[in-house]
Amino acid sequence: MIQPTGKNRDDRAMATTLTLTLTFLFLLLSASVSGKCTTTTATKTFEKCISLPTQQASIAWTYHPHNATLDLCFFGTFISPSGWVGWGINPDTPSQMTGSRVLIAFPDPNSGQLILLPYVLDSSVKLQKGPLLSRPLDILRLSSSSASLYGGNMATIRNGASVQIYASVKLSSNNTKIHHVWNRGLYVQGYSPTIHPTTSTDLSSFSTFDVTSGFATVKKNSGSRALKVTHGVINAVAWGFLLPAGAVTARYLRQMQSIGPTWFYIHAAIQLTGFLLGTIGFSLGMVLGRNSPGVTYGLHRSLGIATFTLAALQTLALLFRPKTTNKFRRYWKSYHHFVGYGCVVMGVVNVFQGFDVLREGGSYAKLGYCMCLSTLVGVCVAMEVNSWVVFCRKAKEEKMKREGLTDDRCSSGIHS
């Protein structure tokens with residue numbers, strides 16, 4: 001067994017120290033990004049506060065147990081001068097926007113001043129069947145509410161502007177846990193806030209906290225990161241690499257007469273392997289979609305369904321492949337080539353869409369995939385150039401034979 005030298009031990013110690021330092025800096029940065037809470041505002045002081053896990057938001061409150069009244073202030077930020085910021089309570093179901101009673105602050109379309117209106121997020125809002133219209137908060141006993149911008153009357157609504165939403169809510173005496181939600185959007189049409197962004201951060205803006213202890217719990221999204229990464233890796237290998245590689249083998253290996261029909265079996269093996277892996281990845285995507293209601297990546301989903309459908313048609317087409325002597329053979333080949341290349345292009349495009357969905361646009365994983373794809377493209381270019389060189393050489397030789405130039409040159413070379 002080789003014993004580590006002193007230099008190796010020093011290098012290992014330096015690596016460990018560097019790792020711990022980077023971890024500490026990451027935690028420190030995460031803490032700073034999450035937002036700090038405060039119990040003091042320009043008009044009121046509260047007893048407790050907590051920082052919320054997303055959007056740099058926080059909440060402060062005072063609970064009055066003698067009458068079960070909760071006075072609170074939500075701190076949020078605008079992401080657009082024409083956007084909105086909202087906070088609310090789901091009286092029945094934790095970790096869900098649907099069913100929540102919310103207060104949404106946004107600039108008045110007529111005066112431009114900050115206003116605060118109540119809304120109920122029912123299932124029709126989730127499905128975007130109609131605009132979100134203001135209405136009383138029925139079952140939520142709200143005694144007062146108001147909103148103000150940080151900075152007083154001279155503050156203006158802009159990107160990054162801080163807003164404070166005040167509310168006084170009557171709770172049940174035997175329940176001190178609040179299921180609350182918060183979010184922000186880019187636009188308001190009239191007095192109807194439009195749907196908020198659908199990034200993972202925006203879709204996880206909910207938690208439950210106890211008004212007496214201040215203890216908060218956050219339920220993680222059921223579409224786990226590990227499952228998303230597995231879905232992405234499998235599909236990148238299947239649709240993004242194996243299918244293009246299979247198309248390359250069919251195009252260039254068949255020109256090598258020395259290997260005979262072996263090229264077909266190589267092509268079929270690669271494509272079938274890619275299709276089977278892609279089916280697994282597609283199934284994982286369906287599971288992720290089912291476990292994440294309300295989360296829709298329209299283009300990524302559409303491309304995934306289209307790619308899987310075309311690949312399934314390609315696989316089934318093998319069962320109906322006419323013989324080489326059949327007059328419909330050429331039509332089948334045209335269909336096979338058109339559908340195959342379309343499937344390859346959409347698969348590669350959707351892999352890049354998947355990197356955007358996972359927010360891995362600048363990651364080493366994407367860089368590695370780009371390098372693999374670039375290598376495959378380089379092989380294609382080299383093989384294509386070689387094919388054209390061989391084709392042009394053969395065409396020239398055939399032309400020379402037809403014109404009788406080959407024999408003349410050979411004879412002149414013998415006599416010289």
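Even glycines carry a Cβ here, placed using N, Cα and C.
Note: TrEMBL annotation is automatic and uncurated.
Annotation source TrEMBL lists signal peptide at 1-35.
What TrEMBL lists as domain 'Cytochrome b561' is 192-392. Along the domain 'Cytochrome b561' (192-392), the predicted structure has mean pLDDT 85.
The heme b binding site annotation in TrEMBL covers H231, H267, H300, H336.
For the transmembrane segment (265-287), the residues of the chain that approach it from at least six positions outside its boundaries are 227, 230-231, 234-235, 237-239, 241-243, 245-246, 249-250, 253, 301, 304, 307-308, 311-312, 314-315, 318, 347, judged by C-beta separation under 8 angstroms. TrEMBL lists 265-287 (among others) with the feature transmembrane segment.
Within the chain carrying the transmembrane segment (299-318), a Cβ under 8 angstroms from the stretch's Cβ atoms is held by residues 235, 239, 243, 268, 271-272, 274-275, 278-279, 282, 285, 289, 332, 335-336, 339-340, 342-343, 346-347, 349-350, 353-354, 356-357, all 6 or more beyond its ends. The transmembrane segment annotation in TrEMBL covers 299-318 (among others).
What TrEMBL records for 338-355 (among others) is transmembrane segment. Packing against the transmembrane segment (338-355) from elsewhere in the chain are residues 231-232, 235-236, 238-240, 243-244, 247, 278, 297, 299-300, 303-304, 306-307, 310-311, 313-314, 317, 361, 363, 365-366, 369, 373: each is 6 or more residues past its ends and has a CB under 8 Å from a CB in it.
Beyond the transmembrane segment (367-392), the same-chain residues lying 6 or more positions past its ends with a Cβ under 8 Å from any Cβ of the stretch are 236, 240-241, 244-245, 248, 251-252, 255, 348, 351, 355. Sequence annotations record features per position, and here TrEMBL assigns transmembrane segment to 367-392 (among others).
Residue annotation for heme b gives H231, H267, H300, H336. The furthest Cα pair among them is separated by 27 Å.
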